[in-house]
Amino acid sequence: MSALFFSSFDVSRQVFYRSRLAAAIVNLKPIVPGPHLRPRVPHRHRLHHYPDVLVIPTRIAPRLADLKHDELADLIASVQHVGKVIERVYGADGLTIACQDGKAAGQTVPHVHFHLLPRKLQGDVFTRNDDVYPALERAEGRLPADFRQVPQPLQMDAEEDRKPRSLEDMEKEARWLKTFFDAAEAAAAAEGETQSASDAPESSKTS
């Protein structure tokens, strides 16, 4: 499969979902700490799970207005699909979905991207719901520096609450998440075959 770039950063090893024109990647320094959202589905890897992810168009485009109609449609459909699966896997009650569109809006990486953060009605990491927005702003501000660290051994910042992960951890999480999307695609294909069979004319069924 071809390499995927998030602006100038190669994020191919962080990908867990691809559509025709969009992709989803795990985040290096997650906004939402993992322990408050335990995965609902068992997994074989002993990892801290960081369930906030980024959904991006595969073509590098700085602004939403720079996307073609089919790219925008695929991107939004991917946000919807990834959100549904992530919410189910982590047993969340909702999602915070955010896109800073342009430098004036706080965008720091010139490549359209949506943050998806699963949220809980009870026990959410943000006790005041509006606290998520400053956290998103801080996370967006750190994205360029965070992604520059990916190929190198990651240094821990004692004053930074959002700890970076190793590339190996991100790869393991991406592979684990990918299993749910593979299963969803297989189920959708099977449902399509069943529907096609039920829609076939009676003569073709009996011939």
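Cβ coordinates are placed from backbone N, Cα and C, and glycine is handled just like the others.
Annotated compositional bias 'Basic and acidic residues' per TrEMBL: 160-169, in sequence order.
According to TrEMBL, the compositional bias 'Polar residues' annotation covers 193-207.
Averaged over the domain 'HIT' (53-127), the predicted model has a pLDDT of 94. The domain 'HIT' annotation in TrEMBL covers 53-127.
Look at TrEMBL and you will find 146-169 (among others) tagged as region 'Disordered'.
The feature region 'Disordered' is assigned by TrEMBL to 187-207 (among others).
Within the chain, the motif 'Histidine triad motif' (111-115) has long-range Cβ neighbours (under 8 A, six or more residues past its boundaries) at 5-7, 31, 52-57, 60-64, 66-67, 75, 79, 96-99, 101, 136, 139-140. Summarising the annotation, TrEMBL assigns motif 'Histidine triad motif' to 111-115.
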DSSP residue counts for the motif 'Histidine triad motif' (111-115), split into helix, strand and coil: 0 helix, 2 strand, 3 coil
